[in-house]
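Working notes for the structure below.
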Amino acid sequence: MPTLPGRLTIVKGIKPQPLVSLANFTSWRVGGPAEWFASPSSVEELQTLIAWAYEQKMPCRVIGAGSNLLINDAGLPGLSICMRKLQGSDLDPKTGIVEALAGEPIPNLSKRAAKAGLHGLEWAVGIPGTVGGATVMNAGAQGGCTADWLESVQVIDLNGEGPFELSRQELDYAYRKSLLQEKTLVVLSARFRLDPGHDYKELNQITHKNLTHRTTTQPYQLPSCGSVFRNPEPLKAGRLIEALGLKGHRIGGAEVSPIHANFIVNIGGATAADINQMINLIQQRVQMAHGVMLHPEVKRLGFEATA
């Protein structure tokens with residue numbers, strides 16, 4: 001078992017733990033151990049951990065809901081920080097201003113906003129992620145996306161600089177892309193400006209309809225990461241994959257979902273290697289058949305550089 005390097009000012013509950021399985025912190029339920037793992041309960045604890053990792057010159061990364069991650073079976077070096085305890089949000093029904101910590105589940109925020117008569121996040125009710133992850137990936141569904149309603153984010157750099165604020169304009173948003181994916185920045189919180197004064201019952205009907213649509217057209221009963229590939233607009237990744245007859249195709253415990261071809265599910269006993277091999281196979285087959293390179297939405301950690 002590794003020995004904790006250097007000196008860390010221990011804040012209650014955040015002493016890094018060695019060799020913690022990351023499979024329990026990803027929605028695919030695969031992945032090896034983190035060399036060091038911690039789950040802070042406050043922004044101050046998070047800052048302490050990031051500063052410690054920087055001082056030790058060790059790799060550092062954050063994990064939200066783990067719904068957009070594929071982690072190598074061999075695990076990850078350095079410090080992995082789980083953001084799930086950093087939850088909380090404030091909503092102003094009069095102005096429409098919503099502030100939420102990075103670990104707040106985006107479906108919870110969607111429901112709270114609807115209950116407060118705030119229109120804008122109904123699309124997010126079925127997104128299996130956190131506010132932080134949504135701002136990084138520009139998560140979206142049902143014709144809406146994070147960038148439509150985000151006003152700003154508060155971030156800290158992994159080199160310890162910050163916190164500081166970035167506006168939506170500074171984040172350079174595009175389809176499933178943002179500046180945050182290219183920088184060593186960790187989202188601490190986000191501010192949204194929603195549309196106030198709407199009827200709760202009407203918003204609730206919309207959120208219920210959106211959630212029903214997602215649960216009936218996507219394989220929610222099995223572990224997955226959500227959509228694996230970005231849509232090569234105006235085409236749909238799922239349709240390109242389905243056209244090749246890959247629905248139901250299996251590699252080990254990984255399967256292209258028979259319900260939605262842009263989902264790879266863990267039918268039991270899958271490894272990260274199985275899923276990674278499936279991703280590569282789909283990319284190769286679609287490229288050969290359609291002349292289109294599919295780019296994953298999912299972030300692969302611990303693997304060689306991939307498209």
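Glycine too: its Cβ is placed from the backbone N, Cα and C atoms.
These numbers come from a predicted model, not from an experiment.
Under a cutoff of 8 A between CB atoms, and with a sequence separation of 6+ in the same chain, the neighbours of Arg176 (active site) are Met137, Asn138, Ala139, Gly140, Arg230, Glu297. Annotation source Swiss-Prot lists active site at Arg176 (among others), citing sequence analysis.
On its own chain, Ser227 (active site, proton donor) has Ala237, Gly238, Asn262, Phe263, Glu297 as residues at least 6 apart in sequence with a Cβ closer than 8 Å to its own Cβ. DSSP assigns Ser227 (active site, proton donor) to coil in the three-state reduction, outside any helix or strand. Sequence annotations record features per position, and here Swiss-Prot assigns active site, proton donor to Ser227.
Residues annotated as active site in Swiss-Prot: Glu297 (among others). There are 18 other Cβ atoms within 10 Å of the Cβ belonging to Glu297 (active site).
According to Swiss-Prot, the feature domain 'FAD-binding PCMH-type' maps to 29-197.
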Ask   = Taking the domain 'FAD-binding PCMH-type' (29-197) alone, what is its mean pLDDT?
value = 95
